[in-house]
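Per TrEMBL, the features are:
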type	residues	note
SIGNAL	1-18	signal peptide
DOMAIN	16-228	domain 'GH16'
ACT_SITE	Glu112	active site, nucleophile
ACT_SITE	Glu116	active site, proton donor
Amino acid sequence: MSFFLFLLLILLVPSSNAQWPPSPGYWPSSRFNSMSFYKGYKNLWGPSHQSFGQNALTIWLDRTSGSGFKSVRPFRSGYFGASIKLQPGYTAGVITAFYLSNSEAHPGFHDEVDIEFLGTTFGKPYTLQTNVYIRGSGDGRIIGREMKFHLWFDPTQNFHHYAILWSPKELIFLVDDVPIRRYPRKSDATFPLRPMWVYGSIWDASSWATEDGKYKADYKYQPFVARYTNFKATGCSAYSPAWCHPVSASPFRSGGLTRQQYRAMRWVQTHNLVYDYCRDSKRDHSLTPECWG
């Protein structure tokens with residue numbers, strides 16, 4: 001009798017592994033070497049709010065300043081990743097970011113590819129926001145292409161690897177080598193084609209970051225800290241010869257994803273996706289033709 005009760009419990013009690021995506025079967029991060037921070041990056045702003053130790057970069061935000069860093073070289077394609085650990089507790093209004101941009105080279109008319117962690121309140125999970133801007137401006141007419149996720153783990157407990165794969169044909173966002181979003185190039189007008197630099201930052205975005213600005217940064221909880229390590233930036237720099245071949249997130253040299261990678265991505269988008277701009281009925285989709293093309 002006890003044996004049958006044991007079997008019944010196994011069937012009724014969900015396994016903790018059921019909350020994790022299936023294996024993608026391929027781990028692109030293992031194909032690219034890590035680099036030391038100072039070999040590939042430099043401080044961009046807030047130098048007094050940035051330190052390096054124990055093989056990790058720490059940046060923080062308080063009421064006086066945040067901080068940011070930038071790659072030494074611009075790229076026209078590549079794999080860009082970092083392992084990041086976020087701060088627990090009340091972080092509303094605070095953005096921790098890892099992204100590609102050419103905003104300094106093309107102010108008011110830039111391209112950008114974002115991984116952003118939107119701060120939260122006690123007891124609620126972080127939101128990971130992916131976004132793509134094409135020749136956008138900061139004058140209020142910028143067109144975002146947001147997809148937001150709740151992660152299947154607590155990003156404050158350990159370092160996890162977040163990456164962007166950018167090739168001339170696609171953008172792929174990955175978390176611990178699991179693809180969570182693929183943004184294909186459907187037209188030149190909806191895809192970033194100009195060289196971009198790699199950035200990281202922590203800053204106050206209280207006007208919109210947490211529940212559309214409902215909760216603001218509260219500096220009684222300062223400093224807000226983020227740690228980065230295991231930096232990877234491999235690909236074709238803006239100075240590479242024309243024959244430089246773009247890297248891939250799959251075993252296929254031509255790019256794309258395997259069937260197993262697609263399966264893992266579909267799992268994440270079924271279980272962890274909390275916002276998709278293409279499904280937002282309030283958006284003017286004449287401005288985002290890639291949603292239907």
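Glycine is treated like the rest: Cβ placed from N, Cα and C.
In sequence order, Ile95, Thr96, Ala97, Tyr99, Leu128, Gln129, Thr130, Asn131 make up the list of same-chain residues 6 or more apart from Glu116 (active site, proton donor) whose Cβ falls under 8 Å from its Cβ.
For the domain 'GH16' (16-228), the mean pLDDT of the prediction comes to 95.
There are 20 other Cβ atoms within 10 Å of the Cβ belonging to the residue listed as 'active site, nucleophile'.
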